[in-house]
């Protein structure tokens, strides 16, 4: 059987390509396209024999797309126009132009691809761009299903909720198709149990607008589930984290850590410890959770990813509760006892499902590695969706 000809758009460091390999379907990437020169260096390093086009997607003509004669499109368009933190410019954001170009080209191709897989951030599912995508693929004759999935559903201790769409060129619906619904779990094709739907359920974590350099005098007063216990976490948040840590279907973080790391270069500097102590999401190697790593990890603290406590037999709570009424120097001394460090780029790649052989050229800096991985996707989640789509 001829391998599928796959077009990888917005290829980044090659997450989709790794997922395609992991899925074990007969396929070959005929071209990968990305305009990011640093990401392309990493892609070439890992896939030296794949045709990589370093150009804008808008610059590719219908004739050039036709010449590639692809059976499958894997793509992860820019997410900034749809992020919760961004301006949510949607179609008016210039970064959406390349994707609108794809939607314009798709119906005019000499040969339509049989399969499409798209990944984006949560928020894409309520965008006008998504509506245009659905309209376009429906008009072309695709059957499709949308998902909101996190790696935790595959036993990976990292929350990274993302939007996915899989589409197949055929007249009969997909066996698990739920029209108008966004599925919140992988389809159980053989099961008769109803799927979990997103419906109107918005698990919005309330954004905390917190000023850095908060004093440790315990003066914040709340009650019940909103009570601030220690750090800036409510009882409800701590309960949620404890629940995640007791979910035995999820692996421990220690399974994803490097053994021979030079920890010192990844330790949080004293200044950051003092300034952001109350905002850190601290995990231990035995935890079964970590928050989403973003492209700002290693440069910014708040909301960019978890940090690892490497000191054993030290209770975070005890350290934090002992900070009251101490001078800044004494607070730093206490916080340093925890030996908090950033996850290394390799460890984040492990959590994202990249294979052990995945690597970076030496000239790519640690900051660049964090940035590239923060923009990437979870390989295992995509691999499973490719398998489901191909079946």
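These residue numbers are counts, starting from 1, taken along the chain as shown.
Including glycine, each Cβ sits where the backbone N, Cα and C put it.
Look at Swiss-Prot and you will find 4-391 tagged as domain 'SAM-dependent MTase C5-type'. When pLDDT is averaged over the domain 'SAM-dependent MTase C5-type' (4-391), the result is 86.
Taken from Swiss-Prot, the feature S-adenosyl-L-methionine binding site covers 13, 14, 15, 34, 57, 58, 76, 376, and the record attributes it to experimental evidence. Classification of residue 34 (S-adenosyl-L-methionine binding site) by DSSP places it in coil, neither helical nor stranded.
The active site annotation in Swiss-Prot covers 79.
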Three-state secondary structure, which DSSP defines for residue 15 (S-adenosyl-L-methionine binding site): helix
Around the Cβ of residue 57 (S-adenosyl-L-methionine binding site), the count of other Cβ atoms that are within 10 Å: 21
Maximum Cα-Cα separation (Å), residues 13, 14, 15, 34, 57, 58, 76, 376 listed as binding S-adenosyl-L-methionine: 22
For the binding-site residues 13, 34, 76, 376, the one whose C-beta sees the most other C-beta atoms within 10 angstroms: 13
